Amino acid sequence: LPTCRDSQLFIKDLHFDGVPVRIYLPREPSTSKRRGVIFIHGGCGIFGSISKELKEKIICRYIARKSDSVVLSVGYHLAPEHKYPAQTLECLTATVHFLKTAETHGVDPARILVCGDSVGGTFAASVCQELGHRTDIPKIRAQVLIYPFLQALNFNLPSHQKNSAIAFPSRERTVHFILKYLNKDCSLKEAVLAGSHVPESINLKYRKWINPDLLPDVFKVGYKPPLPALFLPQVHEEVQELFEPWFSPLLAEDAVICGLPDTCIVTCEHDVLRDEGLLYKKRLEDSNIRVTWHHVEKGFH
């Protein structure tokens, strides 16, 4: 799909404050300002591109055409060459720039949503958390999180057990890519999978948000609670980033969650990340955030 050829869309490659972006604008004139959609692609933070990935092009074109929206795809730079949290920061920079300049692209600044799939959903969630209480820029209207990665404390939730051997992402490969993204020693994988990186104090603190008991019974069929893991302080020290809300948005404080916009969460049954989406859904609903939930019973990541 050549970048410049589309009978229904103008497609431009730009830079927003140094961040590469691709913008998809409907060719048909509009009598009013259009909606804006900021799309953040997945790929574990180490794969993907706005210029080479066919999937991203198809998704962005589809959204722009079907919803008559202006779509902005963020080309954040990839890890490990660009170290965490560069990816989140670049998504934040591009979002702020678009919110401030929306009208120059024919977009209503009051009708802009942020959307992302997989780790793109992580970045989208982090951006919305960061901007929730800002008053100097327009408010994000909504967030759309498509099977997002949201926490790195517990890799033994029911969906991790049920889908541990799914080809992508398997439970083991999920942690492998996390460590690659953070440029950590991948020999830490088994300890993180077991939960040995989490001290009891942190487990107790976040049990109110990350706990199989919070899931509907239908999602716990066949679940077997694991034995308590032996805490390894040296592993904990090596992976401090896993406990930051920018990396694990599910760990954000209630004051941050209360500032979030309307939310759509998409989960898939055959996905190790299924339960993270369900737990985030519950957190938002408990904070009176309006949530629309779509669950794809036969869906994969």
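Using the three backbone atoms N, Cα and C, a Cβ is placed for every residue, glycine included.
The domain 'Alpha/beta hydrolase fold-3' feature in TrEMBL is assigned to 37-183 (among others). For the domain 'Alpha/beta hydrolase fold-3' (37-183), the DSSP counts in helix, strand and coil order read 63 helix, 26 strand, 58 coil.
According to DSSP, the domain 'Alpha/beta hydrolase fold-3' (241-301) comprises 23 helix, 19 strand, 19 coil. Among the features that TrEMBL reports, domain 'Alpha/beta hydrolase fold-3' is placed at 241-301 (among others).
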